[in-house]
Amino acid sequence: MAQTLYDKLWNTHVVHTEDDGTALLYIDRQLLHEVTSPQAFEGLNVAHRPVWRISANLAVSDHNVPTTDRSHGIADPVSKLQVDTLDANCDAFGITQFKMNDLRQGIVHIIGPEQGATLPGMTIVCGDSHTSTHGAFGALAHGIGTSEVEHVLATQTLLQKKSKNMLVKVEGTLPRGCTAKDIVLAIIGKIGTAGGTGYAIEFGGSTIRALTMEGRMTVCNMAIEAGARAGMVAVDDTTIDYLKGRPFVPTGAEWDQAVEYWREFKSDEGAQFDRVVELNAAEIVPQVTWGTSPEMVTSIDARVPDPEREKDPVKREAMERALAYMALEPNTPMESINVDKIFIGSCTNARIEDIRAAAYVVKKLNRRIAPNVRLAMVVPGSGLVKAQAEREGLDKVFTDAGFEWREPGCSMCLAMNADRLEPGERCASTSNRNFEGRQGAGGRTHLVSPAMAAAAAIEGHFVDIRKLG
């Protein structure tokens, strides 16, 4: 019987299935960070349990770490406690960890693939919503809660119910100025934030196959924002080429065996999906969110939607509430919206490809950030990304234009460290969520691609980067 990619990943990891469909899944890799792991380790200590498979875990501090000068440590006592606790727990249990001043430190969903700890055919979990990122490698990856983090540490298994299969098929050549971020925002705009609820989404089609691994990770990263349990892309040469030579990846004869096995992780011809959604890449335009949900998104050449045109009273009320929070008037051209701050970073868009795309725009415009922009910051996704960008001189491109070049971490994506918006400030952000207060109490977030964020920094407002030539 023909199987989907999700079917194959699920079936190769089921240990036991109950009559009600609940399955015990074997977990190949658990990624840990400082926010959702302390209670899990405490549970192990209270029960006097060891970590079942130490080598299956990889830890890093990312949410609370400062992105400014780290020589003075962490100023906030709560953040310091969380980071110190992860350090102590990993030392006590013998878990591999990249500590704050390790060159390999970075955002958990960037360092996993970067190190080759994320591999095709794996089940991967982390106490973090955007674990779906790792599905770009033909893996089954999703976020879990803290009690489940403890369960995986203790047993290397997890209780789950199987999701339905969805295929999001994007065909055609992506227009100039459009990126993977625009693809996934367009998808969410089409199906909504509940469109993927109950599903595992496979992203396919010629447009997805043409993306780099960095682009595929961006798309899978935001599968959760469409309501899906997981997002994934089939294994191909692009996947294999990216992984070769990375630290955690098999070598020699084991590499050849692994590649042969990994290539099985694609949907079979004739495999049946419960839902299929199709998009024409040629119709995608650079995207900008206007509201307080990723589904509240439109094209840069459009206007802020008018709630009066929405027939559904529930949706109309949500639109009105969002516009009030965002301080936007209906029918305002998106290009006329001024911004106060710029954030280029996060597990969605802080890889070297993203940094290069933003730097290209800054260099092309050849001006400093606009006078109305109070802060423009670039936060690389890892120490290795930062070092690579500096070797290429990209840091100087940004600093010469008035941007701040920071240390790696989650930063302003969720404002758990000192990087945040003040009430009423408007930000062009390359992150993944634009909820109320996400980047700081009263902050107003617009989600865009790195190129769009860079252009907004220079111009002081959103611009259609297709016009830049």
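Every residue gets a Cβ built from N, Cα and C, even glycine.
What Swiss-Prot annotates here:
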type	residues	note
BINDING	Cys347, Cys410, Cys413	[4Fe-4S] cluster binding site
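Structural mapping of features recorded in Swiss-Prot.
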| residue | record | Cβ neighbours (10 Å) |
| --- | --- | --- |
| Cys347 | [4Fe-4S] cluster binding site | 28 |
| Cys410 | [4Fe-4S] cluster binding site | 31 |
| Cys413 | [4Fe-4S] cluster binding site | 28 |
Taking the center of the Cβ atoms of Cys347, Cys410, Cys413 at the recorded [4Fe-4S] cluster site, which other residues in this chain have a Cβ no more than 8 Å from that point?
Asp62, His63, Ile107, His109, His130, Gly345, Ser346, Thr348, Ala350, Gly409, Ser411, Leu414, Ser431, Asn432
